[in-house]
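Peer 1: Below are the features I grabbed from TrEMBL:
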BINDING   A:Thr153, A:Lys180, A:Thr191, A:Glu275, A:Asn399, A:Ser404  substrate binding site
ACT_SITE  A:Thr191  active site, nucleophile
Protein chains: 2
Amino acid sequence: MAVNLIAPARLEAVPGARWAVAEAAIKKPGRPDMALLLLPETATLAGVFTRNAFAAAPVRVAQQHMATGRARALLVNSGNANAGTGRGGLADAQACCARAAELLGLDAEQVLPFSTGVIGQALPLDRMQGAIDTLASGLDEDGWLAAADAIRTTDTVAKGASRAVDIGSGQRIVLTGIAKGSGMIRPDMATMLAFIATDAAIDSDDLDAALRAAMADSFNAISVDGDTSTNDACMLCATGAGPGLSASDSGWPLFVSALTDLARELAQAIVRDGEGATRFITLAVTGARDPEEAREVGFTVAHSPLVKTACFAGDPNWGRILAAVGRARVADFSIDRVAIALDDVALVADGEPCADYAEADGAAVMARSEYTIAIDLGRGSGEATIWTSDLSYEYVRINAEYRS
Amino acid sequence: MAVNLIAPARLEAVPGARWAVAEAAIKKPGRPDMALLLLPETATLAGVFTRNAFAAAPVRVAQQHMATGRARALLVNSGNANAGTGRGGLADAQACCARAAELLGLDAEQVLPFSTGVIGQALPLDRMQGAIDTLASGLDEDGWLAAADAIRTTDTVAKGASRAVDIGSGQRIVLTGIAKGSGMIRPDMATMLAFIATDAAIDSDDLDAALRAAMADSFNAISVDGDTSTNDACMLCATGAGPGLSASDSGWPLFVSALTDLARELAQAIVRDGEGATRFITLAVTGARDPEEAREVGFTVAHSPLVKTACFAGDPNWGRILAAVGRARVADFSIDRVAIALDDVALVADGEPCADYAEADGAAVMARSEYTIAIDLGRGSGEATIWTSDLSYEYVRINAEYRS
C-alpha cells in the first residue's frame, strides 16, 4: 500500500559501524525483532528524543546514558515500546543494556536502548536476553538492511538510504540511515526511530548541530517539533573511521546538506508508508509572517481528518482545505490575500474562489498519487513544507486491529 | 448507528416562536432542506458564531444583521454551507434574507441566514427562493420537530429537547431547542447549528450572558471554544410571549441551569450521532492547574485517532491514552501524580501502571457503549468534562463519500 516506496536494494556500509539482528519473538515469532549497532571507541553520537511527558523507559535510559558521553552501542527492539511500564520498565531497559554491555565488554551506560511497539506491556525479558546473546556474536558492517527490517512494526516496507559526499581534497565520506514509523495520520503519536551513521570523525558538538539542522526540514516536517510519541528518537553517529570533519571546514555544508537530504528521504519514506496511505501529499505554505506560522497552518491542514478523507476519496472538496486553513491558530488572520492551489490548479486567489476553476481540474490533480497543496497566506515571507498522507479505511483497520 | 440516541417524540411549542419547513432540493430532492423561524416583535436574540477566519457568508451576514438588534427571523438551509463562496456567496445570503423579509413584511437585516453542508459551492438560489415562498406561508408553533429534521446533513437522527422551568410565583417558562451536527472526530470542523427558544421576556444583555454560560459546559465541551468550522452557530431566542425574567430575579439561576442542561443534551446528541460513532465517551479531567489546562488534556485525548480507533475496537490499549495525555500542551508536566481510570477500573496511579489492573477489566469497560475515561493530573483543582465518540470505518466511508 505504500505510495511509491520500495525497500532499498542495498545500503552502503559505514566503516566502523556494525549491526546484528536477532529474533526474540517479542510480539510474535517469525522474524528478527531486535537489532544492535556497535560503534568503535572513536565514535561520537548525537540524538534527539521525544518531548512526551510519558517518555518511555528506554528513552529515559538512553538520555541518561547519552549524558555520559561514552555511548558505544544502540540496542533496538520492535514489538513492544516499553512505555507506560513504570519503574519495572526502567529496570527492564537497564537489564537489557547490562546484558549487552557484558557481552560486548562495555559498561551498561555505554549501551542506549530503543523500543517501539505496543505501549503498556512489560518486555519479555527472558526471550530478549537470549536474543542479545545472539546479537553480540553476529555484528557485521553489512547489517544495515537486516536492521532496517528488524526495527519495523506496522511498516510495510523497510526504510533506508545512503549518501556519499566528497568533502574536498579527494576525501569521501559515507552516510547511511535507517528508519521506522508508519502511523502518520497524526505523526506526533507515531513512534519514529531513525539511526544514521557516517564514517567521518566529528566532535560531539558539531555532530549535534548537524543533526538539529537536518531535523528541521526532515523528521520535524512530518512530526510536530519533537513533542511526539512516547518513544521517538533520531540518532546520528560518527564512527571516526574516516576523514576528520568540523563545522569550520569547507566541506561541512556539503555534509550537512547530504545529511539533511538523507534524513528527508527517510522522513518522506515514513509518510509514504503511512498506515493505510494511498497518497503522498506535500503541503507548501508560503507568505506567512514567520516559519512557525507557516508550520502551524501546514500541520493544521495535514492533521485534518476531513481533508485527509477527501484526499483518500480523490475528491477536490477544497472547502475542507480552506476550513482547515481558517481554523489554524494564526493571529490577526485576514483571508483577503490567501491563495490556494492543487499543483498548478489555482483554487483560491485573494481569498476568493477562482472564477475559472473547474472541478475536473482539481479532481485530475487529486487522482495523482503525489501532489502539492500550495497555500500562500500573503502576509510575509515565512515558509514551511510539510509532508503527509491520506486517511483511509485501512488506517482504521490497522489501528483497530493492531494488538489482535 | 447513533449511540443510545433516538429522535424526540415531541417538542414543546414555545409561545411566539413559529417554524416552517420546505424543500428546495439544495443537494438532492426528497426531503425538506430549508427551515424558517419567525419571532414576534417582542423577541430578543443572542448568538455565538464560529471564529474560523474563513467564516461562511451566512455567518458574516447573520452577524451584521444581529448587530442591528432588530432581528426577527432565522432562515436555515442544509445541503450547502455557502462557505468559501466569496462575494457571490455574500450576495446570495443577502438575497435569501431579502426574499424572506419581503414575504414576512420585515427589512432584510431582520432576517439571519444559516447554512450547513458542502463548502465551496454556490447556493441554488432559484430553487431556494421558491422554497422561501412556501416557508413564509407555513409558519406554525408546532414546527420544531419538522425543523429539527430539515436542518440535518449527515445526522442520522433529528436532535431536539424541551424543558419547562418554574421560575417562582407559579410562573412557568418553556425552553425548546434543536441542533444538527455529526462530524465529530474533530468537532472543531463539523458544522454545528443549534437554535433554542424560550417564551420568557429577557433583555438582550441577560440573554447573551445566559447563552455564554450555557455554552461552556455544553457545545464548547464538544468543540474547541468556538474557533470551529466555517458555519458554526448557536442562537438563543426569547420570544417575550411569557413571563419577564432578568438576571437579578431569583428564578434566573433556574433558567440558566435548565438552559445549560438543554444545551448539554443537544451537544451530547451531536456526539452520540458522531459520524460512524459506536461509542459515547466522557473524558473527565481533574486535578489540573486550571480549567483551561484540563480542557487541553481532555481535547488532546478526545482528538487522538489512535485513542479513537482503540475505542472503536473496544481494545483497552490504554497506552494510547497515556501517550495522548503526555503530549498535551501542559507546562512543567510531571507524570508522577497522574491517575487514569476507565469507569471504576484504575489503570494508572501516581504515574505508574496499577499492579492489580487486569486487561479483562479494561476490556469489559470498553465493551460498554458509554463509559468515562477519568484523568487526574494531581496538580490542582482545575476540571473539565469533554464528550467524544470513536473513529470507525464508517467515519471514513461517510467522509470519503460525502459529496457522491
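Glycine too: its Cβ is placed from the backbone N, Cα and C atoms.
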Peer 1: Could you check the binding-site residues A:Thr153, A:Lys180, A:Thr191, A:Glu275, A:Asn399 and tell me which sit with their Cβ under 8 Å of a chain B Cβ?
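Peer 2: From A:Thr153, A:Lys180, A:Thr191, A:Glu275, A:Asn399, the ones near chain B are A:Asn399.
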Peer 1: Across all the protein chains here, work out how many other Cβ atoms are within 10 Å of the Cβ of A:Asn399 (substrate binding site).
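Peer 2: Its Cβ shell of radius 10 Å holds 26 other Cβ atoms.
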Peer 1: Within 10 Å of the Cβ of A:Lys180 (substrate binding site), how many other Cβ atoms can be counted across all chains shown?
Peer 2: 29
Peer 1: Tally every other Cβ atom lying within 10 Å of the Cβ atom of A:Thr153 (substrate binding site).
Peer 2: 21
Peer 1: Does DSSP give A:Lys180 (substrate binding site) helix, strand or coil?
Peer 2: strand
Peer 1: Provide the number of Cβ atoms within 10 Å of the Cβ of A:Glu275 (substrate binding site), excluding the reference atom itself.
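Peer 2: Summing over all protein chains shown, A:Glu275 (substrate binding site) has 27 other Cβ atoms within 10 Å.
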Peer 1: I'd like the Cβ neighbour count for A:Thr191 (substrate binding site), meaning other Cβ atoms within 10 Å of its Cβ, all protein chains included.
Peer 2: 27
